[in-house]
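What TrEMBL records for this protein:
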- B:86, B:124, B:125, B:126: phosphate binding site (BINDING)
- B:10-140: domain 'Exoribonuclease phosphorolytic' (DOMAIN)
- B:160-223: domain 'Exoribonuclease phosphorolytic' (DOMAIN)
């Protein structure tokens, strides 16, 4: 049993509030336990310079934590005048993961920026951001498809993410902050609705891990992420059907 | 009648949710119409270098907007690598205003940082931040007073803020974004519970204003701000009584 | 009586030396007591990106202090690698104030940058900058009007500025540095030649102020600023007549 | 067969030149194919502020590429004024990986900084940096142990790294730049001499990967990395024996 | 004959106004032709970290140009967020040159910062800054000697500077901006009152120069700089005698 | 006799390895004693904005030291977020020196960037960079001439550089780091193959120098630099002949 009473293979409760922001083309407030992230999707009718003239779109992400998202206040990166390494690593990860399920040709020369702002942190902020950003992106995509009459839905599969780790020799799913601090091995996994891996990032700074441990962690992640994807589908309602259709088409 | 149906002397509905963040010593989500700001108060047992050894505390503020708080996405200041002039101006204003009702000697050598993060903007973000930050600060002060056994409550009066402006020759209270864009004169006013002025910042870039217009704007602000202060007192419950006590003591 | 022997309603002596710089299109050295500011106006035949294609001009300002303008040396902002909040606040104020008396359509798609460099500071550097920058701008405008044959003089009124404050309960005009440090309330006022307000920025961080005090301060400012405007007119000679003509035309 | 004639399970030739720099406490020039990295280890008798007073040491890394390490010249990060996200991600990875085999207590309150400067790049610069930095660190550790009479050798195991990826459906070991550009899946693996995983970072931005593919990639990495570790041992000579001794002691 | 009627060996008129700034420990406004520089000397009772505990003082310089010191407006380095290469090169030169005639032991553990701010530029701003900064420094030194009862005057010799260059094959003294733009060879020379060289910086980017040309330029510089030093002595009055005394003592 | 046994007029051994980098259009590893610099030349078919449309090319340089090029580790300028004054001064010098022997018209509208990265420092890094960068540039020029069929070889003369200095009253050639630290006078000289001066930068911060000392230093530099140029010619082989041809043509 874990400190908050969960089983080792049990994720925290998830709550996804769609259309949380009145300005953004897509938005959610996602809560996984006490971790809360606002994800907004912004559509712009232009692509970055390195993508120009290829007839393809672009998806990118930015990540930030409010100073008091954590138990000790963090100095703002805007005040420091630069982004930290952790922030850059996370926002590169989010963007890369989302692009893996986007059909950039179908999107056309426009870009979607996913802003993931952590308003309260309790472990798993990067995986929660990915899961939430996917939903915000899907809402924005649906808006584009309807307003611009795209002939393909530009999302090819669902995408969810969770962390796993080894605490006192036991592989556990979805670590909270307290658990994360004690874990010897920490792994973030991103998977598609069809159960393929998009990102596997495992780190054993405290203690290297064996192949068997790796296998156990991946198995936990697989089950947990499919549960996250079911929550995404519920939150998306009819849009979920469009993703499933596009996903089916992409595979046939 | 205004575009959203309000009378010229009518502020938008206010909603103050206290203890919105589980980590901060004080926190609120404040909503004034569609403007939503998270204010957290962080207490630290140290003061900035220029205040050291004086036996006095310090109160300061930081302000930021999420990129998609606005209808068009703004680039993050952390990504630009510097704070803009508007941000600095606003956070200096918030800090200065709050300090005007704090008894820094009573606070002792500790500091309170108020983080005001606008998660959705629709005009009046700086005045809403001041009104919300006051409540977050009061909650944090109450915690300090109880935990450290201070012998004076370090807040000497309530503090609220609203904007006023002239739209099509008519002085109006609490402009939303659309109104703010059309206003010829724009003024932010900060006042205490006892009806004194802490800040008066009026700007007539579009059209200079006469003394009579100035008088009409100040009158609107006075009434509106007292209403905001009544909302603060409701949200604070028993803490409001402590402020009133301290305020009474400070004046006798 | 004040520490330098002035009456409460008496400003310090003003001296405006025009054409102080041989390169700039307009320039002055303005001295208000021991506060000395070099103001230069630079005309460029282009406008910032956000103003392009509107057929209108732009006026902006930058403000800086030499490191030893003050009694203790200040580190250069160029060495720190960023502009401070105070600098940004002041240069935004100067630009906004000047634009309030400029007919941007009459100016046409060109921009004027006013550089206000404080070479010696003794209180009132922002109000002195505004008063001096107006004169430098007027000289540059006159040059543009003559060289480009504009059919309207693009300045619609005079513009002057002074500070006022409350020292030991007494409202006083034009505070020097020593007075400014002791003042409980500090207010900067910008007014036009026709006696309208362009900016009113009053701050009571040390002690909130009542409506009566505010009224007394505004009255002092009104009289003092008209005196500053008379000095501007003397310094400008024949150009002053052109401003009066344009001002009269703009009102009829 | 691959474009350079290698088998899918064949790494490029490795060459490790020790003591390449006369100033550093440890240094190598490591070449893996045409990828060349200078790794230097700097020992300092102090630790970063967050480690002070714990009686433990610290190991950290910095990574950079010369502007013309690549076929197209890259602008220097020093000229841009900030480190890019890729650089930060890589140097965090190198530091974390090295620390996993360091006994920080045995090291004592001193720090080792590994500088990895890529002077020519042809794929695999981060894995080559880890493999080379390990050798430079071991040389520096040996120097510390001898000069300060430490009673334990502070390295607990060997550490090597290689990339693997899927090119045209085929899992391949040690991708060069051309292969890396074409790979659908790209994975960097760091392992110890005892065959445990320290980092597994797999990315399928172009195409998600199945569990079987992941298994095949990990198997390739395991074999290849043990070969890299044999090269490290050869280059280290007698120091290799000390690592083996410490490694053995740590496990018994 | 040169464009402004001077002989090839004739410097422009020099004017040195001492005590130009009421706050600084030493200050001048120096004018060499139309080049005008304000030099202030700031004394602080501390030295930079790398000089601590050596019982010696430090002298350093900063250099800047007002944006409109030149015929085309330059962007402020504070706005750009960094110092340019030219600025750094010049301020390093000024500091180094001044230190060559300062007895840092006699100065004791305190530092003098020379701020050289060019308010109008017409060629020779760095040499004018050196000549002016020497005078400001001497005034500040005299103040220190008197107030702290130093037993040696910490300046060991006079120090002046001028530029020389080759225009249309002719070596010329003290180039103005127009001449500087046309010069094939440009050289800045700093010399002591006793005729020794402190800095010789000659550049032939446009055309390499022969040994004979170099000799002719040095001869011109020698004569011109001694004239500058006579002007310094006149401006310094009795302080000049103290420098001469210290200079004599240092040589016997 | 000097600490490393050299005569006062003897430079350290020089070794120039051409084509050290497989990507760059020209490259060398140059070693002068223990000072080692990688110089790469990058050709781009564009010029900086200020050179556009003039039908001329541009040559520029960047300089950097690896953190552990020196006996004490230096913080990276990329990590500090800005280039230091020394770096900027050196890279401006290298670029200026190289341009003095380039026929920018013959080069055409393209630019060459010389990156000089010091991988090990032992005095004379800037002069070694100039000597090495010249060779890298010549190789790149030869490539341009052949590939673009230029009708003139765009280099008009050889260019070499060495330092000289006064150690214990003795003028010496090519100071190593230990000597440089003790030298009272330090001078960097850049000369052409025809024996003309391109840069003379002498500094006597520790002790001003007389005209006779200056003459002795220049004489040493002249002889030493011609020796460096002979080494360049050997390293360049047939390309050296093309430079001689162009140099002869430029003079007739």
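The backbone N, Cα and C atoms fix where each Cβ goes, glycine too.
Keep in mind it's a predicted model, so treat the numbers as computed, not measured.
Candidate binding-site residues: B:86, B:126. Fewest other C-beta atoms within 10 angstroms, B:86.
If you draw a 10 Å sphere around the CB of residue B:125 (phosphate binding site), it holds 23 other CB atoms from the protein chains shown. In the shown protein chains, 26 other C-beta atoms lie within 10 A of the C-beta of residue B:124 (phosphate binding site).
Across the domain 'Exoribonuclease phosphorolytic' (B:10-140), DSSP helix (H, G, I), strand (E, B) and coil residues number 45 helix, 41 strand, 45 coil. Surrounding the centroid of the Cβ atoms of B:86, B:124, B:125, B:126, where the record places phosphate, the chain contributes additional residues within 8 Å, namely B:63, B:90, B:118, B:121, B:123, B:127, B:128, B:129, B:188.
Broken down by DSSP into helix, strand and coil, the domain 'Exoribonuclease phosphorolytic' (B:160-223) contains 19 helix, 28 strand, 17 coil.
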